[in-house]
């Protein structure tokens, strides 16, 4: 049994070692999950776009899908961190605490077993000592008996010697009897303690060790389950992340991306026209048709072949030579073809193109600056940007101007709201002087009005530029439609909108169309319709509302919010019955509805 106690000692120690070994395994798995999540986050951060201006934001569906996949991957990394955290809290931490408690309990049970064994050994030693003492006293008593019998049989021994030997015999016999009784008592006590040790104490200790080892096994089973549950809990979220990646892949639209490329690089320029027919056989047909009416006009308006060729070569679109500003080309209607009876064609000039050319020379209209930067790459990336975006192609210029007009309108609306708030605050101060000085708001009000005037001028100016661009685009569309119908008409000269000069500061600008009227902004303040509710509020404290323009309310009353606090500490509210007024912002709990600003 003593050997079995040692075996149990070794087995329980092995169980604790195995528990700690599994805890170490879980710890290493947690580190792997943490490093994996960290590497995934670093990967997402590496390939995620940095904050860029609005114009440079990715718009292609393939790019947006990739960034959505990165977001889903970032969420996936977060779930790996959740797995690591759950394992660390539910498995590893629990194992370490239980291992510490298990060591303490095992140590206590083993100490109890050793104490019981030591007590039994002590009882055995006491019994063995009493036995040896009894045995020694018995031998002494036998020696005394033999000495007494020898003296008693010896005739020469004196009576005193015999009496002394008898007394010694009685003494030894008495001591042997006492040691006998003590030995019997010790033996009985040892037998009782030994029975108690092997039938009560040790089995109880073994049972406690057995229960401890079973609990360790159960704890390992629970940790195995928790280890798997930590992974299983995040599977639905991970599945959603993977589904999001699949949806992002399905959202890629090649046609939309192509349309974005077209919209981004669409210039609005007119394609180059057909090369004019250069008839070098005019002299031949002039001799044949000297009696025709058109002969004098042909002689008077004969075109130099060198000049015509030079102008034709100068019309090689944007990458070729540009026409000279001092020699304006002929209009597209200046040259017509006519057929002779034998099928040949020769030019017939009219008087209208001459008037057109003369008026063009007299007026000296400026022309659109050339886009020489096309030779060096994207023209809208070259050179400094102009205020009217005239360095951009017409279509891109129209988009930029429209974006700027929208931004200016938003800024104007903000300034308008601020002006309304200042006016209302001023009225409140005038009615309640104790709340503030109305004159202190005048500088801010003047500044706001000045900003509004400046914004309106900017809007008016940009709308004029936008009208100019839209007019040119419409004119080009009309010309393209006309050229499709009359495809035999040669183009000797482009329209003033499509002409180019070397001077980058010259551009034809027609009269701006008046889109903004002077009374347009004043009408905004004459709307008698009730303002829409943008949220609701709950009164935290009661408010009497004695002053004019204020609204009384009770604690806990629900009101509609029709205008936010503009910084003066007052919020405009409305009851269910339609009564409106201002209430202190600090007295209410405001809840604004989503998308209320647009309404």
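Easy rule for this one: first residue shown is 1, then count along the chain.
Cβ atoms here come from the backbone N, Cα and C positions, even for glycine.
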Annotated range (TrEMBL: coiled coil) out of 398-432, 433-467, 538-572: 398-432
Among ranges 79-123, 124-168, 169-213, whichever one TrEMBL labels coiled coil: 124-168
Same-chain residue ranges lying at least 6 outside the coiled coil (124-168) that approach it to Cβ under 8 Å: 175-176, 178-180, 182-183, 185-187, 189-190, 194
Positions on the same chain near the coiled coil (398-432), where near means CB under 8 A and six or more residues out: 268, 388-389, 392, 438, 441-442, 444-445, 448-449, 451-452, 455-456, 458-459, 462-463, 465-466, 469-470, 473, 521, 524-525, 547-549, 566-568, 570, 582
Integer average pLDDT (0 to 100) for the coiled coil (124-168): 87
